[in-house]
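Visitor: If you scroll down you'll find the structure; I have some questions about it.
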Amino acid sequence: MMNTIIDPYFLGEMFLQLIRYIPVTLGLAATSMLLASILGIMVMVIRIKRIPVLSRLADLYVLLGRALPTMIVLYIVFFGLPVALMLLSETTGRKIEFHQIPAMTFAVIGLTISTGAYLSEIFRAAVQSVDKGQMEAALSVGMTWWQGFCRILLRQAAVFALPLMANQFLNLLKNTSIAFMITVMELFGAATVLSASTNRYLEIYIVVSLIYWGMSIIFEKIFLVVEDKVAFFKRGIQP
């Protein structure tokens with residue numbers, strides 16, 4: 001029978017065990033966010049420039065990426081990527097050791113794909129919020145489209161996108177918990193294993209909830225400080 005008495009000593013003991021997995025969760029979230037930002041910018045540029053064929057594929061990616069639950073994307077990557085690599089290996093005749101790919105890699109790829117779809121829309125909306133006259137001015141002084149985009153448009157768009165990016169990172173931080181479904185031993189996975197071995201589910205899930213809550217509060221405070229730092233710049237570039 002499950003123990004219904006909450007033991008403070010046990011809570012403290014479980015807290016000390018679970019915090020060891022915080023670096024795994026943070027590393028997974030940070031890596032996925034970085035790669036998703038790069039992917040989101042690439043997709044955003046393709047959609048804004050309306051590059052033939054690629055823009056249609058980018059539209060489809062954003063549509064599916066936002067429609068599918070992150071867990072389904074993770075499963076598709078975890079089970080589908082090895083099959084694709086096996087077919088590639090048979091086609092090219094080159095041996096690909098896909099069995100040795102760590103589960104963490106699949107988790108990063110899945111979270112990147114899912115998050116990148118949302119970030120591309122955030123970036124696109126941010127770019128569209130910047131006064132078009134600034135890009136026209138950049139082109140008029142001899143800058144190429146890419147120079148104007150990187151030096152002027154992208155920097156200003158980042159200021160507008162920052163609050164939504166912060167929210168997306170907090171969502172991603174929570175979504176790392178599903179990585180346990182493909183055997184990645186992160187914070188939630190460790191809590192699940194401990195609760196099953198001790199049969200004290202309530203106490204352990206209380207502890208892991210407090211840890212997630214604490215991390216969210218810390219990052220929210222950090223993002224608020226950053227937003228305050230760039231607030232003056234945002235006011236200066238608003239049309």
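Using N, Cα and C of the backbone, Cβ positions are placed for all residues, glycine too.
In case it's useful when we look at the structure, here is the feature table from TrEMBL:
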DOMAIN    22-223  domain 'ABC transmembrane type-1'
TRANSMEM  21-48  transmembrane segment
TRANSMEM  68-89  transmembrane segment
TRANSMEM  101-119  transmembrane segment
TRANSMEM  145-166  transmembrane segment
TRANSMEM  178-198  transmembrane segment
TRANSMEM  204-226  transmembrane segment
Visitor: Could you name the stretch, out of 21-48, 101-119, 145-166, 204-226, with the greatest number of CB pairs under 8 A to the transmembrane segment (178-198)?
Guide: 21-48
Visitor: Taking a Cβ cut-off under 8 Å, which residues six or more beyond the ends of the transmembrane segment (101-119) line up next to it in the same chain?
Guide: 28-29, 31-33, 35-37, 39-41, 43, 61-62, 64-66, 68, 70, 73-74, 76-78, 81-82, 165, 168, 172, 175-176, 179, 182-184
